[in-house]
Amino acid sequence: MRPSKRQFDEMRAISFERGVSKHAEGSCLVKFGDTHVLCTASLEEKVPGWMRNSGKGWVTAEYGMLPRSTGERMRREASAGKQGGRTLEIQRLIGRSLRAVVDLQALGEQQITVDCDVIQADGGTRTASITGGWVALYDCLRWMEARQMASVSKVLKDHVAAISCGIHDGQPVIDLDYLEDSAAGTDANFVMTGKGGIVEIQGTAEGEPFSEDQFAELMGLAKKGIQRLVSLQQMAVA
């Protein structure tokens, strides 16, 4: 039995609350169980210098954890004067994942920054950030469309969502919380589109290497999980 008492293929309760920020063009509070992430999408009518006069736009992301999002207070990275390697890795992953389903040419020379701030962490913060980040991005594009600045259907090519899977006590399981993740022999994150395209897979064996058959089981769980997340995204933005 999993520490969370869930079945091996059972995800945590997942919800999206849209429009939670008064100022951001798009926003979403996403909850994967006790992991809560505030995602905001902000529009700037400019692009990075290296993209000027290209006719293309840009989508990027930033990620951070509030000091008391964890069991003990963490020091703010700003007070340390630099971002940690984990933070940089995660925010680059979020940006890559969102750009995978965006037509940058259709966006035009405008930049959307998706900020993902972890309010409460209980495992899977990067997967929640990607999944909720898509909803915030969608709402930002809706805001732009209402002002004839972009077309949602032309810019946003598909859904994108992410889920974690791992091997806990020899059993492949989906959507690990912190206790499960810290004890898992194998941990993997899957990022996929609504059509089933693979954007990124991150997988690591913490102890014993995992087999090809075990990976196939994790992949099967992830595909079903992504389908569920995409359905929830569709209902959230309907």
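Just so you know, glycine gets a Cβ as well, placed from its N, Cα and C.
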(message) Of the residues Arg86, Arg99, Arg142, Arg147, only one is listed by Swiss-Prot in the phosphate site with Gly124, Thr125, Arg126. Which is it?
(response) Arg86
(request) By Cβ count within 10 Å, point out the most packed of the binding-site residues listed: Arg86, Arg126. (result) Arg126
(request) For the recorded phosphate site, whose residues are Arg86, Gly124, Thr125, Arg126, find every other residue on that chain with a C-beta no more than 8 angstroms from the centre of their C-beta atoms, and list them by sequence position. (result) Tyr63, Ile90, Val118, Ala121, Gly123, Thr127, Ala128, Ser129
(message) Given a separation of at least six residues and a C-beta threshold under 8 Å, show me what packs close to Gly124 (phosphate binding site) in the same chain.
(response) Phe32, Thr35, Ile163, Ser164, Asp175, Leu176, Asp177, Asp181
